[in-house]
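Per TrEMBL, the features are:
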- C43, C46, C80, C83: Zn(2+) binding site (BINDING)
- 127-196: coiled coil (COILED)
Amino acid sequence: MGERKVLNKYIPPDFDPSKLPRVQKPRNDQIKVRMMLPMSIRCKTCGNYIYKGTKFNSRKENVMGETYLGIQIFRFYFKCTTCSSEITMKTDPQNSDYVVESGATRNFEPWREDDDLVETKKRKREAEEMGDAMKGLENKALDSKREMEIDAGLSEMKSMKSRREGVSFDAMLGALKSREEEKKKLEEEEDEALIKSIFCKPKNEDCVKKIHEDDVKWQHVSLTKKEKENPGGKGVPGDANKFVFKSSTVGSRISVVKKPACDHSNSKK
């Protein structure tokens, strides 16, 4: 346990590294690596589906005699999760992909079909241009027109970006705030106009006003000669004890007649 944390080990003074025996590894030595399956496959032996992202303990080796632009191609050996049959695949640096060699088949992947369609269209165009010069000229004209449209779109996007760069963030926030304040003010004015139209009548009509008790002043007044002659006035029984009150808010003079006391002796009869 004491040597576990030692960083510098003792080297004797008579040590000669040239006398150490060289270990010769085999040229195509296999290395054990743990990897994730880069594609979905189906085992040919048991028919089990192995999905993309499944982890395996695999063996890696260099494919002898196969390179692409100086890039070494590797081969991987791993086993099926159900029947333990061996499956092999190798790297494909030309297409940035993997190729299943034996033991399984690759599942259908839609993006690979799109790539295949693009390749077939490209080959078909090359075959057409090979025997017909006019067809090649037409294709070049269409390509130049497409490039011009793309350039016009890019220039429009650049101009829009330059216009937006001229507007500062603070100015934009200020404009939004002022717009909200104007909208709020307009809504308040509309609410006030609606309240006035409901609770206030026009000037040519009589407005009903509330009379407060503080504004009422009671006064005892004497009856006029006309009121003494016709105390009741239109059938109302007259009474000398008549009071009026004046309202400072309304400015009107309203008369109140004191009711006569009931004669209980007559009612019993």
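Just so it is clear, glycine is given a Cβ too, placed from its N, Cα and C backbone atoms.
Confidence over the coiled coil (127-196), given as mean pLDDT on the 0 to 100 scale, stands at 84.
For the binding-site residues C43, C83, the ranking by surrounding Cβ atoms (within 10 Å, all protein chains) places C43 first. Its Cβ taken as reference, C80 (Zn(2+) binding site) is surrounded by 20 other Cβ atoms within 10 Å in the chains shown.
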